[in-house]
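Written below as structure tokens is the structure these notes are about.
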Amino acid sequence: MGARASILSGGKLDDWEKIRLRPGGKKKYRIKHLVWASRELDRFALNPGLLESAKGCQQILVQLQPALQTGTQEIKSLYNTVATLYCVHQRIEIKDTMEALEKIEEIQNKNKQQAQKAETDKKDNSQVSQNYPIVQNLQGQPVHQALSPRTLNAWVKVIEEKAFSPEVIPMFSALSEGATPQDLNTMLNTIGGHQAAMQMLKDTINEEAAEWDRVHPVHAGPIAPGQVREPRGSDIAGTTSTLQEQIGWMTGNPPIPVGEIYKRWIILGLNKIVRMYSPVSILDIRQGPKEPFRDYVDRFFKALRAEQATQDVKNWMTDTLLVQNANPDCKTILKALGSGATLEEMMTACQGVGGPGHKARVLAEAMSQVTNTNIMMQRGNFRDHKRIVKCFNCGKQGHIAKNCRAPRKKGCWKCGKEGHQMKDCTERQANFLGKIWPSSKGRPGNFLQSRPEPTAPPAESLGLGEEIPSPKQEPKDKELYPLTSLKSLFGSDPLSQ
């Protein structure tokens, strides 16, 4: 404990023990607080020996300050103790821990202002920008460094592989950083094919150059000695200006960024070319029934990059069309998320939609709903449907004959005759010809009602015995079919007479 307590001695220790832990409190700092701080530093893998000097305390404060917002109470207490100890080392008069924290904050703000001022002075004293490809030689003069073959090869490879896809524009912007108009023309001249696109690009550059000449007219009078002439539209395009003039405009005071201006014109023309090479409109991007939502979002934003619209319009397209053109499964999920959902939430919610697992789950839910609906409908039908019964005794509805209170009817309930019951009633309903349907106990109506007569000659013709009189068929037929004569329906037949 003696080694840990030897951090302060003499007058500094007396000053330490006069400082209160809290404003207006009775408790004051003691040697045990130094011992505790030393152990905590050891626990946090920090050197406890840093507490012996003001510089060491400052280093500890720098290490602990980022953890104050998310740290535990022990870290905050350790920071307060080290801040108070720093004030004791610096002989700063304080009464409590709160004053020590305020002093530390003042010192940190002062150091930050000094650092910002030094950085500002450094920028003011700095030389002209040395961005590639304009660099300074040993004499401090700006000179041009040509584009490397590797850069040109990368640009040509992008055009060959991607043609004029939307990603060509950011690639061109990255490869042409700080380039002069001459460098930009070199990049455009390396494109062998796509001459129709190159002609469209030239037309756009000529239009922008004419607009530049209209907005920036030439001043009358001679040019003052030591001054550089103002660039025209053709100068910016690199057709009527030399490389030295371009460097002079870009490094002058004030500088005229002819390279950046020409670069904007080229990007404007590339946007038109990309729009031509991407004939698919953003309105035609729709999600397929089995297409994953992630692939649909990729196609959507690729087409959105090719759209020539402001950022506000593109934001509206993203908020509206992305949900509107999704398939029904994803659209149901996206509408449930609401209009304030982020793209990350949309992709997380629609993850797996369209796959076999999702299809099986949706089908199971649909079948469950249909089954429940049918069960409810069946229950409802059985509940609401009431069978209407009719009494055979009195003929009224609502009860059966067994429970009928009316006097019991004698005889058959169907024909009214006595001597038999309704189940044994032989009354049958006649058909449209007036024929009574045969009984169900007999032969069906489509069967012959009598046996057919044999066509063999009588026995007497064969000399086998006495003549057997054949039964008379006509009276029997009349008995079976008494009302089947056509005369009763259509009158006498003149042909039969």
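Just so you know, the numbers here start at 1 and follow the chain as drawn.
In case you wondered, yes, glycine gets a Cβ from its N, Cα and C as well.
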Please identify the range among 340-349, 360-369, 480-489 that Swiss-Prot labels motif 'LYPX(n)L motif'. 480-489
If I go by Swiss-Prot, the feature region 'Interaction with host AP3D1' sits on one of 12-19, 148-155, 412-419. Which? 12-19
For Swiss-Prot, the entry zinc finger belongs, out of 122-139, 176-193, 284-301, 410-427, to 410-427
Determine the Cβ neighbour count for SER148 (phosphoserine): the number of other Cβ atoms within 10 Å of its Cβ. 11
